[in-house]
Amino acid sequence: MTARASAPGKAILFGEHSVVYGKPAIAVAVDKRANVTIREGNDDSIHVKIPELDVYGVIDIETGLISLENDILGQENPDTFDAGILKFIKSALFRTELGSSPDHGMDITVDLEIPIGAGLGSSAAITVATLAAAARYYHHDLSLETLALTAHQVELEVQGAASPLDTTVSTHGGFLYFTHESGGVKIKPALEMPLVVGYTSQPGNTGLLVQQVRKLCNDHPTIIKPIIGLMGNVTNHARESITHGEEERVGELMNINQGLLDALGVNTDELSRLIYHARSAGALGSKLTGAGGGGSMIAYCPGKTREVLEELQSIDNAFLVGMSRKGVTW
Ligand code: PMV
């Protein structure tokens, strides 16, 4: 028996961090995906291969213990940042919503097109694709709503505080305006939005950054709460501008959002450098995307994509991402 599923990464355009406090966010599924294949295994363990990360792990079915196949990886420590992704896969495989749980060996391969720790939703995409492939493997029906909810539970279990934004976008695809009351509502952009992504050399740790913002908010509630409220206003204005095709306003709002994120302490030198270089090269707007503290920034640069891409490539890794209407496929 072989089961396959695939789910897209995402870019948050507006509202990261403030979404954790109940404010809206706008995010888009991107044309880079996590592809998961589950096959029946030859022994009693679950073997997980993620060749793009050089991660080869084993999950013990009885104890749930995760270890790395050291002979292949040549290292002792299973708790490296990249290997942390195995925790999402394990948590996904053992969710009761799947109707069954592993009772024999499996070989799982993750083909990952999304850079990890880059704020592009790699862990959500892997989680959604693993759940979908496992549901297929167990011949279990799972609605998209249950899939998105279960994937969010996995993120909470592994990472601590998290909003359901990443898992919602990865499940449903497209361009989403997300609120906690109504979940993801698809919006129709009246403008083209290819984005240049600049990817710093440091991965961002989402759980840690969310905690850091929580502490800042507890220490300075009368300052930080209004900033979070303003971020919500920016997102609502951006929704209007995106659906009316107002390119310059979208750019301005991204820049305002970036200033507010900086005030929350999640910006870094390296991100700032990319963000300002993108603007100098002609981007209408540029900001960090995802949790910050490293990871990636995005630049919105209609008519100047090539110039901005080349500028950012001269500093760090940079690539172009397009929007994907396709959410999870299985
Ligand atoms: O770093 P990412 O791609 O997981 O995005 C995190 C977005 C936050 O708003 C900071 C956290 C969340 O769970 O919404």
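Just so you know, the numbers here start at 1 and follow the chain as drawn.
The backbone N, Cα and C atoms fix where each Cβ goes, glycine too.
Per TrEMBL, these features apply:
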DOMAIN    93-174  domain 'GHMP kinase N-terminal'
BINDING   Pro115, Ile116, Gly117, Ala118, Gly119, Leu120, Gly121, Ser122, Ser123, Ala124, Ala125  ATP binding site
ACT_SITE  Asp166  active site, proton acceptor
DOMAIN    239-313  domain 'GHMP kinase C-terminal'
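For the ATP site, the Cβ centre of Pro115, Ile116, Gly117, Ala118, Gly119, Leu120, Gly121, Ser122, Ser123, Ala124, Ala125 serves as reference, and the other residues of the chain with Cβ at most 8 Å from it are Gly9, Ile114, Gly290.
Secondary structure from DSSP puts Pro115 (ATP binding site) in coil. Close contacts with ligand 1, defined as a Cβ under 6 Å from any of its atoms, occur at Gly119, Asp166 among the recorded positions Pro115, Gly117, Gly119, Ala125, Asp166. The CA atom of Ala125 (ATP binding site) is located 8 Å away from the CA atom of the residue listed as 'active site, proton acceptor'. A straight line from the CA of Gly119 (ATP binding site) to the CA of the residue listed as 'active site, proton acceptor' spans 10 Å. Between Pro115 (ATP binding site) and Asp166 (active site, proton acceptor), the C-alpha separation comes to 15 Å.
With all protein chains in the displayed structure included, the most crowded Cβ environment within 10 Å among the binding-site residues Gly117, Gly121 is that of Gly121. Summarised by DSSP class, the composition of the domain 'GHMP kinase N-terminal' (93-174) is 44 helix, 7 strand, 31 coil.
Among the binding-site residues Gly117, Gly121, Ser123, the ones whose Cα sits within 10 Å of the Cα of the residue listed as 'active site, proton acceptor' are Gly121, Ser123. Taking all protein chains in view, 28 other C-beta atoms sit within 10 angstroms of the C-beta of Ser123 (ATP binding site). The domain 'GHMP kinase C-terminal' (239-313): residue composition by secondary structure is 44 helix, 10 strand, 21 coil, according to DSSP. Restricting the average to the domain 'GHMP kinase C-terminal' (239-313) gives a pLDDT of 97. Fewest Cβ neighbours within 10 Å among the recorded positions Pro115, Gly119, Ala125, Asp166: this applies to Pro115.
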